[in-house]
Amino acid sequence: MSGVSEPLSRVKVGTLRRPEGPPEPMVVVPVDVEKEDVRILKVCFYSNSFNPGKNFKLVKCTVQTEIQEIITSILLSGRIGPNIQLAECYGLRLKHMKSDEIHWLHPQMTVGEVQDKYECLHVEAEWRYDLQIRYLPEDFMESLKEDRTTLLYFYQQLRNDYMQRYASKVSEGMALQLGCLELRRFFKDMPHNALDKKSNFELLEKEVGLDLFFPKQMQENLKPKQFRKMIQQTFQQYASLREEECVMKFFNTLAGFANIDQETYRCELIQGWNITVDLVIGPKGIRQLTSQDTKPTCLAEFKQIKSIRCLPLEETQAVLQLGIEGAPQSLSIKTSSLAEAENMADLIDGYCRLQGEHKGSLIMHAKKDGEKRNSLPQIPTLNLEARRSHLSESCSIESDIYAEIPDETLRRPGGPQYGVAREEVVLNRILGEGFFGEVYEGVYTNHKGEKINVAVKTCKKDCTQDNKEKFMSEAVIMKNLDHPHIVKLIGIIEEEPTWIIMELYPYGELGHYLERNKNSLKVPTLVLYTLQICKAMAYLESINCVHRDIAVRNILVASPECVKLGDFGLSRYIEDEDYYKASVTRLPIKWMSPESINFRRFTTASDVWMFAVCMWEILSFGKQPFFWLENKDVIGVLEKGDRLPKPELCPPVLYTLMTRCWDYDPSDRPRFTELVCSLSDIYQMEKDIAIEQERNARYRPPKILEPTTFQEPPPKPSRPKYRPPPQTNLLAPKLQFQVPEGLCASSPTLTSPMEYPSPVNSLHTPPLHRHNVFKRHSMREEDFIRPSSREEAQQLWEAEKIKMKQVLERQQKQMVEDSQWLRREERCLDPMVYMNDKSPLTPEKEAGYTEFTGPPQKPPRLGAQSIQPTANLDRTDDLVYHNVMTLVEAVLELKNKLGQLPPEDYVVVVKNVGLNLRKLIGSVDDLLPSLPASSRTEIEGTQKLLNKDLAELINKMKLAQQNAVTSLSEDCKRQMLTASHTLAVDAKNLLDAVDQAKVVANLAHPPAE
């Protein structure tokens, strides 16, 4: 049908929230209507869901139901959004999918008339009903700001029309702007620099698809790298825009290319002779356009129109006659078809209702008896609230008028029946209030007569139909779950008011339980809770279900040793798909993974992230994650690599496991099956540690109780004598007992040969007095031997003071020797010392201890590298030596500045090291041709080793930056220093290799005297 302007539409973009008002209205179907007169219309509309089952609504009606009733019922249902003020802007379009034939349905037409007039022309399944915005206010930009739902709906409609009709025709610059505006609006929580990350952009490309935002032709014409850079740069320009600002910017940009507020029809004006014109109909009235270069000429304003009539002509043509106030004759417009004339008539009539004083229809129809009527009955003038009230009063609660196509992915066959009679449940006190309604404590009497304490979730009476479906979706999912650590569903009452009945757990939410009992809960118990929730999540993983809301507030405590996961209101089955795309805006941002915040993408991997946050909550005794941040700031922190800090009582191995779960790349996170094994090991380890600590607490070391006869402190008992084991060790006969070094230093009596009689002469040892040694009979306090008198206690006290003085003197000596050893080790770690020192190091003698030879040389620590002195050669014009020294200075600068620099400046000092290394390797490459071939292999190998050292230093730097705010920060800095030291040592080894090769080639000279 030529000349018919197809309205704008789009299916998959938008952000529409459901209202929280009165219940959804219903189109009343009289009880006495025969079955053949009942119809079910599938009306498509625009929504934010990628699930096709969410983009339409089935409306049950009769052949006598008017189109206006269907439109109003959908608007009041809340399916497209809340608080619609401009209801008169909406219309219903009937479109034939195979031929693009279009019919705009007048509000006063009945369903029966539509079927008799239009649907009979083609197969019924080939027709589609679309809810569209067709009539716009005069200043629609400002008017739509007052009605956010209509604004977003019109935007979605326009976006769809742009992608279908204009995207391939606009310039690349405009296509880039419009695509990035939609990116900013659609991913409104994404930070401005999110697309700079390669992983984020790949996720957008593969999982979401650039086809939603940019025309395919543009993607094919540009190189991928160039296209990506253009998107990143353009996106930065719109990063600060809010959703409404993106929409308005889109309108203004596209308006420069196409008319977004009017429809154009190619037709003929009949004025004695026929003039072919483009008739432009929009908020400004009816205008004609004779050529593209001229301005439109106004033919009539909508306030001037008094009547509209369509008359068929021969050869499928038709005439549209408009009666205009003050004009001697009507304005006659000749169209190519009757359908086109009727579509124009509906458009003009709609604008007359919107802008004119007369709210009824101006279209005149011929009756069967030949009589004319001036107009059809007026459309009811009730506003939305009054009509909502009127419809609610006229509808029966039990009537089954609206029915969504059931989501079969949420309804699984088999399993027990959960229907419960309301009289079997008695409600008691209110436990709390949820999003949908109150939660009650109650008692359920089952078929055996047993009384069971239950929790009853209720749904508010004024909840919309869509929210009721969401409320019931939790029960639908819980029907299929059976796990010892998942809340058990008892039953469902689907009749109004809807109830969901579940097990009652007296200890309540885990978050409150942790806060109340934080002084008594031990670490093994906390780890046990995490293990149990992990097992529940592994079960959900096995049935392809994502939870999306794992937090302590959604975990219930069944007993002090058992917790259960609940609240499946956000859960979804993902079936064979890899992920679930969220369409709601009420999401727990501080618990979510980066891909969930940026792209609303939920997978098992995002559940792993949330589970790790939940573990952090448990080990923090219920603290909220990122409680020091606002929701909008969380993604920026995560993008920088920052993570939650280690809780005080969290075992380091468990925190390491958490950080693995917080990997930015979802594919690098562990699965729940792996986490169950790891947590089981950690739990067993913590249990063993707790048992050992308890055993140590029971067996305390011996102590002397204070005598009651005096108030002075009692003397400390001397340490029990150690008797070595007999030499009949069956496992290792030659193995001797060795006292640990740390114990020797603090307890010299244990290693004194005078006080360790051998098994041979121990029988001839003279008996010891009571005040010299206390023999310990048991570890109980009441068995300790008390001194018999104050004098004996005083002697013990003096003897202990003498021994303590000897211990302190011996420890001071050892401290001096240890400090000397530490200084030598520090000199070993400083490459500058060995490169400039031409004599081997010797232990220094400390004044006052000349006779003391010191302890034997301690073995080198693991990882310490042996550094030899640099050759004593003439270094004049020696670029290799000069560059090595410069590199070492850069390493020392890194060592000295690392503690004071912020993490973002680490790259400056590391870059300085890298530049100096490049100069060093360049100078060696210049010298290499003059060196013997036999030496080149070693030199080239050392060069490769230096490159690896630099790569390791860079990796350690990145690790230190990522963990700057965590408890691992200092450890990461130490690793960074170790990597830099290794690089400096290998640089010195390269210098030695070059010096040796120069000696072989007779290129080296001794230093000038």
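Cβ from N, Cα, C; glycine included.
There are 23 other CB atoms within 10 A of the CB of SER361 (phosphoserine), with all protein chains counted. According to Swiss-Prot, the phosphoserine annotation covers SER361 (among others).
Per Swiss-Prot, the feature phosphoserine maps to SER375 (among others).
The phosphoserine annotation in Swiss-Prot covers SER399 (among others).
In three-state terms derived from DSSP, LEU431 (ATP binding site) belongs to an extended strand segment. Feature annotation from Swiss-Prot assigns ATP binding site to 431-439, LYS457, 503-509.
The feature active site, proton acceptor is assigned by Swiss-Prot to ASP549, with sequence analysis given as support. Counted within 10 Å of its Cβ, the other Cβ atoms near ASP549 (active site, proton acceptor) come to 21, all protein chains included.
Annotation source Swiss-Prot lists phosphotyrosine at TYR579 (among others).
Annotation source Swiss-Prot lists region 'Disordered' at 696-728.
Here Swiss-Prot flags 712-727 as compositional bias 'Pro residues'.
Annotation source Swiss-Prot lists phosphotyrosine at TYR722 (among others), citing similarity to another entry.
Annotation source Swiss-Prot lists phosphoserine at SER762 (among others), citing similarity to another entry.
According to Swiss-Prot, the feature phosphothreonine maps to THR765 (among others).
Under the heading phosphotyrosine, Swiss-Prot lists TYR834 (among others).
Annotated phosphoserine per Swiss-Prot: SER839 (among others), in sequence order, evidence recorded as similarity to another entry.
The phosphothreonine annotation in Swiss-Prot covers THR842 (among others).
Residues annotated as phosphotyrosine in Swiss-Prot: TYR849 (among others).
For SER866 (among others), the entry in Swiss-Prot reads phosphoserine, with the evidence type similarity to another entry.
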Restricting the comparison to the binding-site residues LEU431, LYS457, GLY508, which residue's C-alpha is spatially nearest the C-alpha of SER361 (phosphoserine)?
LYS457
Spatial separation of ASP549 (active site, proton acceptor) from GLY437 (ATP binding site) - C-alpha basis, Å:
19
Neighbour tally for TYR505 (ATP binding site), based on other Cβ positions within 10 Å of its Cβ:
22
Packing count at GLY437 (ATP binding site) (other Cβ atoms within 10 Å of its Cβ):
20
How many neighbouring Cβ atoms, not counting its own, are there within 10 Å of the Cβ of GLY434 (ATP binding site)?
15
To the nearest whole angstrom, state the Cα distance for the pair TYR505 (ATP binding site) and ASP549 (active site, proton acceptor).
20
Distance, GLY434 (ATP binding site) to ASP549 (active site, proton acceptor) (CA atoms, angstrom):
14
